[in-house]
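**Q** When I checked Swiss-Prot for this same protein, it listed these features:
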type	residues	note
REGION	1-228	region 'Pyrophosphorylase'
BINDING	8-11, Lys22, Gln72, 77-78, Gly139, Glu154, Asn169, Asn226, Arg331, Lys349, Tyr364, Asn375	UDP-N-acetyl-alpha-D-glucosamine binding site
BINDING	Asp102, Asn226	Mg(2+) binding site
ACT_SITE	His361	active site, proton acceptor
Amino acid sequence: MKNYALVLAAGKGTRMKSDIPKVAFPILRKPMIEYIVENIEKSSVEEIYLVLGYKREVVEGIVKDRAKYVYQEEQLGTGHAAMMAAPVLSKLDGNTFIMPGDVPLIWYKSIDRMFAVHEDNGNDFTIVTAHYEDPEGYGRIVRNEQGVIQRIVEEKDANDFEKEIKEVNTGIYIVNNKKFFSLLKNLNNNNAKGEYYITDMVELMKKDYKIGSYMIKNNSLAMGVNDLYAISKAEKYLREYINKDHMLNGVSMINPETITIGHNVIIEPGVTINPNTTITGDTVIKAGAIVGPNTEIHNSRIDSHVVVRHSLVYDSIVREGTTVGPFAHLRDHADIGTHNRIGNFVEVKKSSTGHNTKASHLAYIGDSVVGESVNFGCGSVTVNYDGKLKHKTEIGDNVFIGCNTNLIAPIKIGDNVFIAAGSTVTKDIPDNGFAIARSRQVTKEDYSKYLISPKPKKEE
């Protein structure tokens, strides 16, 4: 028998107080629905169906062709959402895993365990439950003396005895397709909200079909994310889980509670990460690197024995033995060579540098190809923008660029060139050249009195 998944993801998420669909909200910079789809893909599920409604094109843009879609134009409850998929799933032999789209921490191994319990016990309808010492806000699982589930009662409808029940409904189910979906049409909406609820299927199925349960051991995996506070709780859980995994694999973290590592980040053993550091995207950090404190790295590669402190690195490569920062900014496919020094308040954009090149402070390198052993003096700028277009700067090997130098692109600087401080260079410089492009200094002795008013003397 095949396994299917049905994710109920049509809601707006009004408690998020945003126009973004709830399931598209980022958790550690990745949309909520991504976590769900990725884990379902890793499980034994063969086909995923998403029920979409509010701003469905946003969710489709995230998931693309990894799922099939059905649409719920009006959001009339979980049962109504499942009805939208019934014409398809009722015809398919097998079982379906049904879950809300706002439970991003569900794990693929848990999904497979749910299927196993469902099949091993011959269940037609398996309700995934959890045990909470404080179950406030959750629907309670009501069982008879034999332990068989009789109904699920929402807290607002529960009596005093039922409110004391600590086993709750997670909103996650495994169902036999033909039996469950054929009965959905019998659901009614005789309730205060006029909505259809999957929980009412217990009443429809308990007489003729087998209802069972699976109690999830880690309640966090079934945590619903309905507001921004819940997003912070989900991020905290994921942060602790991810950081622990890296530390057990040999990554040193100082104050790990202040460090955020994305799901796709690869960090080799022997890396040290200092406080207040965020590493996301498809980033790779190699052994011996030291990152942070106060550093952001996204979609980048940090090679062995690189040090990045108090800096931003986006979509870039930093090669072996280089130091970056403090307060440097690498972006837009910067490729920093081996044993470079990119110092404080230096920005490198869409540029590459060769071995042993240094820009120690207050420099901008943009749209440039820079050779080996180049020294950028303080205040050096590659002037790449003419007001309409960006232009390229090419700098050879063994070039000395004096302080406060402007290189007006497009321009080529040859090998073994020396550029005097304070120059504005507008023409190419050949190999072994010396360039000075500034006005000659004129000094007039005893002349400042004509320009500066004398300060009055203080009275003794």
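Here the Cβ of each residue, glycine as well, is placed from N, Cα and C on the backbone.
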**Q** For Asn226 (Mg(2+) binding site), find which of the binding-site residues Ala10, Lys22, Gly77, Tyr364 come within 10 Å, Cα to Cα.
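**A** Correct set: Lys22.
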**Q** To the nearest whole angstrom, state the Cα distance for the pair Asn169 (UDP-N-acetyl-alpha-D-glucosamine binding site) and Asp102 (Mg(2+) binding site).
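**A** On Cα coordinates alone, these residues lie 15 Å apart.
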**Q** Measuring Cα to Cα, tell me the gap between Gly77 (UDP-N-acetyl-alpha-D-glucosamine binding site) and His361 (active site, proton acceptor) in whole angstrom.
**A** 60
**Q** To see if you understand the setup: which same-chain residues, six or more apart in sequence, place their Cβ under 8 Å from that of Tyr364 (UDP-N-acetyl-alpha-D-glucosamine binding site)?
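**A** In sequence order, Val346, Glu347, Lys349, Ser380, Val381, Thr382 meet the Cβ cut-off.
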**Q** Near the residue listed as 'active site, proton acceptor', which residues of its chain come within a Cβ-Cβ distance under 8 Å, counting only those 6 or more away in sequence?
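**A** The residue listed as 'active site, proton acceptor' has long-range Cβ partners Gly343, Asn344, Phe345, Val346, Cys378.
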**Q** Please give me the CB contact count at 10 A for Gly139 (UDP-N-acetyl-alpha-D-glucosamine binding site), counting all chains in the structure.
**A** 23
**Q** Counting only residues 6+ away in sequence within the same chain, which have a CB under 8 Å from the CB of Ala10 (UDP-N-acetyl-alpha-D-glucosamine binding site)?
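**A** Listed in sequence order: Val51, Leu52, Gly53, Tyr54, Arg56, Tyr71, Gln72, Gln75, Ala81, Gly101.
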**Q** Could you tell me which of these binding-site residues, Lys22, Arg331, has the greatest number of Cβ atoms within 10 Å of its own Cβ?
**A** Lys22
**Q** Write out the long-range same-chain contacts of Asp102 (Mg(2+) binding site), meaning residues 6 or more apart in sequence whose Cβ is under 8 Å from its Cβ.
**A** Gly11, Gly13, Lys22, Val23, Met32, Gly224, Val225, Asn226
**Q** Indicate whether Tyr364 (UDP-N-acetyl-alpha-D-glucosamine binding site) is helix, strand or coil by DSSP.
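**A** In three-state terms, Tyr364 (UDP-N-acetyl-alpha-D-glucosamine binding site) counts as strand.
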**Q** Hey, what's the Cβ neighbour count for Gly77 (UDP-N-acetyl-alpha-D-glucosamine binding site) at 10 Å?
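**A** The answer is 22 other Cβ atoms.
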